[in-house]
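This report concerns only the one structure given below.
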Amino acid sequence: MTEVRREVFGQMPQEGGGGVVEKFLLKSDSVKVEVLSLGCIITALETKDRDGKFSDIVLGFDTLEGYTRKHPFFGAVVGRVANRIAKGRFTVDGKEYQLFLNNGPNSLHGGARGFDKVLWSPQVLPNGVCFFRLSPDGEEGYPGDLKVWVTYTLSGGELAINYRAQTSKTTPISLTNHAYFNLSGQGSRDIYDHEISIEADSYLPVDDTKIPTGDVASVQGTSFDLRQPVELGKHLRKFCLDGFDHNFCLQQAQGRQLVARAHHPPTGRTMEVYTTQPGIQFYTGNNLDGFLKGKGTVTYPKHSAFCLETQNWPDAVNKVNHP
């Protein structure tokens, strides 16, 4: 059985459009999840360690104020298009569109005011919550009225996120959740003792602005070969890596499939990621800098969390070789 509760979390500032932000608490025997109607943000995810002790394993803030200021998309659903679009430009049906540039020369995670920064309309379900919004034609430069539904359901130890969209015009869309995980508990110093594996034979090399070059490269014999679990700290040192921020190319399958696994030996916590999407962005919190104060006033330094964002390939709208 999943218990679902709702409560008021706060009031959006007028410059953010105003409106009440609600928080939804989903609780099973083994997992507790908290989600906001702002940006469909996962603010907390508590799971048990091997001794049955609950800890919160996602980064975030205690108050609404943290989420209304600038932050690195903690826990949010990002869109219309997750990840980067080169130069913020694309052409659909013969018409060129220009997006806001918010990541150097590129557009990232939906632009200046993407799906992470807006209020969604919630509907409580027996085992979760469904959020809806209409993204109007021209919002952030994208074509078409886009209706979007994001559904969170909790069943035992499984949290599922389902995305659905309908559009009035051809438009690129790629949705994901941007939760930052640390299986030893949020606020822990780093993720170096985590074991990570990703079921991918290839990855997308990127240029110096993190846009895929258009090549699809084999992971064989490279630092990107994560098909067998690697201890992250040792792996980064072995290959002299600053961290990962790359798309791994997944096998195409009919249904959802297991694509990644994170294990934390000291606590015994394991997280498995299943998806129907063709890619997964593995990001090791390289841009966290220790300045942001998170939950319980802890700070989040570099490599203190990781993201496994299931999505379409980055800049797919501009790449013809995408499947």
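Note: Cβ is positioned from N, Cα and C throughout, glycine not excepted.
Annotation comment: TrEMBL describes ASN83, ARG84, HIS178, ALA179, TYR180, ASP245 as beta-D-galactose binding site. For ASN83 (beta-D-galactose binding site), the same-chain residues lying six or more positions away in sequence with a CB closer than 8 A to its CB are LEU108, HIS109, SER174, THR176, ASN247, GLN281, GLU309, GLN311, PRO314, ASP315.
Counting every protein chain shown, 22 other Cβ atoms lie within 10 Å of the Cβ of HIS178 (beta-D-galactose binding site). Marked as active site, proton donor by TrEMBL: HIS178.
Per TrEMBL, active site, proton acceptor is recorded for GLU309.
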Listed in sequence order, residues with CB under 8 A of TYR180 (beta-D-galactose binding site) and six or more positions away: VAL58, LEU59, GLY60, PRO72, PHE74, GLY75, GLY285, TYR300, ALA305, PHE306, CYS307
